[in-house]
Amino acid sequence: MAILNVVTEPADILLAEAKPVTKFDAKLHKLLDDMYETMVESEGVGIAAPQVNQSLQAVIVLMNIDSEEEEEILELINPEIVQYSTDTNVDLEGCLSIPEQFGDVERANGVRVEFEDRFGKTYKLEAIGYDARVIQHEIDHLHGVLFTTKASKMYTPEEMADMFGEEE
Ligand SMILES: [Zn+2]
């Protein structure tokens with residue numbers, strides 16, 4: 001596996017519609033393995049292929065990070081959100097491609113997603129709360145949408161430090 005370069009804005013690929021995955025081959029599997037390693041190295045909770053300069057509809061999300069349950073890695077290939085809950089919540093988001101910027105984003109509290117795994121097998125999934133937020137953020141990347149365009153409020157590094165305390 002390898003750590004990949006994370007594309008940061010401004011970059012055209014971050015604003016582009018990603019291409020559907022059609023080949024579920026060793027090349028895709030290597031990309032997914034590398035994306036995972038890159039996400040862990042960057043301390044992210046999700047990563048989308050366009051963020052490592054690949055125009056492909058593939059994301060990795062870390063589930064259960066705010067719950068008692070064990071963390072779970074989920075690979076979503078050609079994912080589509082087929083239903084959004086009507087109830088929403090507002091929470092803080094950041095992005096590996098937009099370093100040191102954080103903002104409040106309103107998201108659906110729950111989503112239903114159809115997707116394929118790395119072998120092309122089709123699945124359906126329901127997620128709520130923070131899991132649903134991570135999924136929505138990462139799938140937005142496949143459609144060239146960044147959280148900064150949806151944020152109702154952005155915070156300066158100073159405001160972040162005031163809210164969460166200085167690091168070190
Ligand atoms: Zn992001």
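For all residues, glycine too, the Cβ spot is worked out from N, Cα and C.
All TrEMBL annotations are machine predictions without curation.
Among the features that TrEMBL reports, Fe cation binding site is placed at Cys95, His137, His141. Residues or ranges marked as active site by TrEMBL: Glu138.
Taking the features listed in TrEMBL, we show where each one sits on the structure.
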residue: Cys95; record: Fe cation binding site; CB count, 10 Å: 25
residue: His137; record: Fe cation binding site; CB count, 10 Å: 23
residue: Glu138; record: active site; CB count, 10 Å: 24
residue: His141; record: Fe cation binding site; CB count, 10 Å: 24
Specify all same-chain residues, apart from the site residues Cys95, His137, His141, whose Cβ lies within 8 angstroms of the center of the Cβ atoms of the Fe cation site, ordered by sequence. Gly46, Ala48, Gln51, Glu93, Leu96, Ser97, Glu138, Asp140, Leu146, Phe147
Cα-Cα distance linking Glu138 (active site) and Cys95 (Fe cation binding site), given in Å to the nearest integer: 9
